[in-house]
């Protein structure tokens, strides 16, 4: 595998704020818009925003994982579904993705001498609704998995 792997272990920490929903609004006869304008959440769904997540960080050469709490992007974005087939194709769909981010450096413990224990993790500073950047993101409905620590030593907590 090589390199560091970051796996989502837990999703939201705490209770997300709930927004009030609005019924679908038709902007153009060919496109139905679901949710409130500007990509905000709707129907009781939280809008696209930075959320706290706990991830499992591991490297092949280090015997244990480390649970790290960081900030990622999560929430709902406005979607458009065509009412009829347009010769121009389907409208682009947006997803909640990073607006601005920085990287934090973490050091794994228990790594053998001579190996690099450092891992860089992205931290969301802001989020936006945009087309999913497939070159840098997992744009699937479900992640590529597995959502657990693969190191034989686990987290080393209480073991």
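Quick reminder: no glycine exception, Cβ is built from N, Cα and C everywhere.
Quick look at what Swiss-Prot lists:
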SIGNAL    1-39  signal peptide
DISULFID  48-96  disulfide bond
CARBOHYD  52  N-linked glycosylation site
DISULFID  62-111  disulfide bond
DISULFID  65-149  disulfide bond
DISULFID  73-127  disulfide bond
DISULFID  77-129  disulfide bond
DISULFID  132-139  disulfide bond
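Feature map: annotations from Swiss-Prot on the structure.
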residue	record	DSSP class
48	disulfide bond	coil
62	disulfide bond	coil
73	disulfide bond	strand
96	disulfide bond	strand
129	disulfide bond	strand
149	disulfide bond	coil
How many whole Å apart are the CA atoms of residue 65 (disulfide bond) and residue 73 (disulfide bond)?
23
Given the recorded positions 48, 52, 129, 132, state which is nearest to residue 62 (disulfide bond) when distance is taken between Cα atoms.
52
Could you check which of the disulfide-bonded residues 48, 73, 96, 111, 132 is the closest Cα neighbour of residue 149 (disulfide bond)?
111
If you compare CA-to-CA distances from residue 132 (disulfide bond) to each of the disulfide-bonded residues 48, 96, 111, which comes out shortest?
96
Looking at the recorded positions 52, 77, 96, 111, whose Cα is closest in space to that of residue 127 (disulfide bond)?
96
Among all protein chains shown, how many Cβ atoms are found within 10 Å of the Cβ of residue 96 (disulfide bond), not counting that one?
25
Looking only at C-alpha atoms, tell me how far residue 77 (disulfide bond) is from residue 96 (disulfide bond), rounded to the nearest Å.
6
